[in-house]
Amino acid sequence: MSSYASILTQILSNITLYIDYITLIFGTIGGICNLITFTSRQMRQSAAVFYLLYGTIFQLLTILYCVSMRLFYDRSGSNLQNESSIFCKLRYYFVVTLPALASYYMFLATLDRCFCTSINVKIRAWSQIKIAKRLSIVMPIVGFIISIHIFILYDIYNNLCQIKPGSIYTFIFTGYLIVIVTFLPNILMLIFSLITVSAVRNSRQRVNTTNRVNSMPNRQRPQRLELKLIKIIVIQVILNVLLSLLRLGSYSYNIITNSISNPTINQRTAAGFAISLGGSLYFFSYAIPFYASMISTKYFRDIFYQRILLFYRRCLRQFI
């Protein structure tokens with residue numbers, strides 16, 4: 001191995017280790033704090049919060065399972081993945097399915113905000129808590145069923161946990177991973193976020209115009225909670241899209257490198273660096289929603305502080 005490849009490998013090991021530890025520690029704390037905030041009485045008045053609540057649950061599961069695997073199994077030197085067929089299947093099945101469900105719940109929250117700000121009454125009718133409850137229950141069932149092909153077709157071949165070499169499923173799985181799991185939910189979130197932001201701006205313009213003519217307020221204007229949720233969701237969407245694009249870029253670089261007939265060891269090392277760093281940043285995106293909401297939205301901070309104060313008083317009362 002060349003000195004360049006050795007240095008890059010060492011840098012990769014240190015960077016991804018630190019990112020994964022930060023993701024595991026701060027992501028777990030942030031996920032729990034999100035659950036505390038989203039279960040408050042004020043937040044439960046919105047349909048989007050149900051999607052955010054379920055999304056937070058799957059973000060936590062993603063961090064606790066996927067990142068823990070990266071930290072403790074991959075660095076332990078264990079070969080169980082290449083020895084146990086069940087472990088091989090379960091690992092890849094959950095590593096793909098859990099983050100995909102977290103992303104699609106965020107998409108549903110974005111879609112709900114788009115419905116909520118629509119000027120069409122029939123479209124706004126889709127932004128209801130009872131609909132959110134039903135979709136929140138149906139989503140994981142659909143997600144686990146759609147991904148079942150991973151559990152079936154991943155197995156141990158040539159002493160490695162992989163898809164059968166030479167199988168056409170290799171290309172199908174790559175397309176599924178890039179398009180369905182990564183690209184589609186993020187592009188949909190971005191599109192509906194732009195539509196929502198545009199609808200809010202148009203609503204404010206209509207309100208300003210109405211107020212000039214009539215002193216009565218416009219009742220169609222979104223309520224305070226709905227506007228604050230829009231801000232929270234749009235910021236999270238922007239961060240998710242940016243970090244997911246980095247992952248797509250790393251996969252693209254890896255594919256380009258592997259397409260070269262005789263890639264050098266430096267090229268292979270660089271491709272491994274890109275894909276490993278992209279994976280770490282991808283999982284890191286599930287660790288930052290709480291902190292992004294705390295920094296950007298005072299309404300969210302106030303509710304979180306109220307919940308913490310409430311828990312503190314209850315615990316203090318029980319202790320006394």
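Glycine residues also receive a Cβ, built from the backbone N, Cα and C atoms like all the rest.
Here TrEMBL flags 30-242 as domain 'G-protein coupled receptors family 1 profile'. Computed over the domain 'G-protein coupled receptors family 1 profile' (30-242), the whole-number mean pLDDT of the model equals 85.
The transmembrane segment annotation in TrEMBL covers 15-36 (among others).
The transmembrane segment feature in TrEMBL is assigned to 48-72 (among others). Sequence-remote contacts of a segment are chain residues at least 6 beyond its ends whose Cβ falls under 8 Å from one of its Cβ atoms, and for the transmembrane segment (48-72) they are 16-17, 20-21, 23-24, 27-28, 31-32, 34-35, 38-39, 91, 94-95, 98-99, 101-102, 105-106, 108-109, 112-113, 116, 127, 129, 132-133, 135-136, 139-140, 226, 229, 232-233, 279-280, 283, 286-287, 289.
Long-range contacts of the transmembrane segment (92-115) within its own chain (CB-CB distance under 8 A, at least 6 residues past either end) are made by residues 47-48, 51-52, 54-55, 58-59, 61-62, 65-66, 69, 123-124, 126-127, 132, 135-136, 139-140, 143-144, 147-148, 150-151, 154, 161, 177, 180-182, 185-186, 188-189, 192-193, 195-196, 199, 226, 229-230, 233-234, 236-237, 240, 282-283, 286. The feature transmembrane segment is assigned by TrEMBL to 92-115 (among others).
Annotated transmembrane segment per TrEMBL: 135-156 (among others), in sequence order.
Per TrEMBL, transmembrane segment is recorded for 168-197 (among others).
The transmembrane segment annotation in TrEMBL covers 229-250 (among others). Under 8 Å from some Cβ of the transmembrane segment (229-250) lie the Cβ atoms of residues 46, 48-49, 52, 103, 106, 109-110, 113, 116-117, 178, 182-183, 186, 189-190, 193, 196-197, 200, 222, 274-275, 277-279, 281-282, 284-285, 288-289, 292-293, 296-297, 300, all in the same chain and six or more residues away from its ends.
Residues or ranges marked as transmembrane segment in TrEMBL: 270-292 (among others). Within the chain carrying the transmembrane segment (270-292), a Cβ under 8 angstroms from the stretch's Cβ atoms is held by residues 8-9, 11-12, 15-16, 19-20, 22-23, 26-27, 29-31, 33-34, 37, 56, 59, 62-63, 66-67, 70, 99, 102, 232, 235-236, 239-240, 243-244, 246-251, 253-254, 257-258, 263, all 6 or more beyond its ends.
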